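K.L.:
For reference, the structure I am asking about is given below.
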Amino acid sequence: MVSEAPPFWWTKADWRAYALWPFSWLYGRIAGMRMDRARRATSAVPLICIGNFTVGGAGKTPTAIAIARAAKARGLKPAFLSRGYGGSLDVTTLVDPEHHRARDVGDEPLLLAREALTVICRRRVDGARKLAAEGADIIIMDDGFQSARLVFDFALIVVDSGRGIGNGHLVPSGPVRAPIGNQLRHATALLKLGHGSAADPVVRRASRAGKPVYVAETVRIDEGSLVGVKVLAWAGIADTEKFFKTVRETGAIIEETRSFPDHHHFSEDEIADLIDRATSRGYTLVTTAKDIVRLEPGHGRAGELAAKSRVIEIEVRFDDPAAPGKIIDAALASARARRLREHKSG
């Protein structure tokens, strides 16, 4: 999978997209067949997949956290399953946020592990077994929708309303991971994140296919005002411009920005440059929670950068407060029906 999306993926299709179309056609055929024909294993406990149609971020991790919090409010014991992208460990691992580093397990699993039991595993089937053995009542899988390894009891596809599905073309012409028709066949519902219009075409297509569409937005959890504060905003996430927009919405004055690739591990020079530029100019450093967890205390000046940076925390809030509960109920009902079918066929 492509790790960094080129900018032309997110604009109207141009000659570059069309020049790569033959490769996209082949990629789409393979990806679509894999989704439709692969033999999928079943989980011993209900499994919700939080996925997206495209390469890059769409808000899956904060959405997964919102669903987990709703599950805990219902007295369930949710757990997260992640591939651990960006981490070096290639064995099934129960993530310990006090012990593991982003280099070990990836940045997103560290955020998830602060909320609930989290396992990373290259083979998601093994990860699901591990979580069931650990006593999870419901598994929330962050990403992995196109992997075709597990049966989903509910597949919620997150679409960023500001980006939609980009130019609508398949990798490598565009950001789409598999033909939308194939993906919709395996989706249970869509979540439109935000109130922009870029996602509307795919949302309408999903509605015509009979898929429920939920709406939510990311909201800031403010810990003190940034109004009028001059800042240097830095981030290494899939959509840094979206983060910079969020910073502006706090009332902060962005004097400088620094963008890094998603899941980027910062070098000593990069860390020093951020600290020194902000200090010399009197700017406040601001970043994301996902970036902070990639800074390793005791590793050069990383701890200093973490201490000097204000984190803009966000969470996902559904327009319908009952929506997360409905998703959980549907997943539990689907799992019961699945187990009944398995019992009858066994």
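From the backbone N, Cα and C atoms, a Cβ is placed for every residue, glycine too.
So Swiss-Prot has the following annotated:
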- Thr54, Val55, Gly56, Gly57, Ala58, Gly59, Lys60, Thr61: ATP binding site (BINDING)
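What's the neighbourhood like for these features in this structure?
P.N.:
For Lys60 (ATP binding site), the same-chain residues that are 6 or more apart in sequence and have a Cβ closer than 8 Å to its Cβ are Ile50, Gly51, Asn52, Asp142, Asp143, Val158.
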K.L.:
Can you tell me the three-state DSSP label for Thr54 (ATP binding site)?
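P.N.:
Looking at the DSSP assignment, Thr54 (ATP binding site) belongs to a strand.
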K.L.:
Return the residue, from the listed binding-site residues Gly56, Gly57, Gly59, with the maximum count of other C-beta atoms within 10 angstroms of its C-beta.
P.N.:
Gly59
K.L.:
Highest Cβ count within 10 Å among the binding-site residues Thr54, Thr61: which residue is it?
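P.N.:
Of the binding-site residues Thr54, Thr61, the most buried by Cβ count within 10 Å is Thr54.
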K.L.:
If you count, for each of the binding-site residues Val55, Ala58, the other Cβ atoms lying within 10 Å of its Cβ, which residue has the minimum?
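P.N.:
Minimum Cβ neighbour count within 10 Å, taken over the binding-site residues Val55, Ala58, occurs at Val55.
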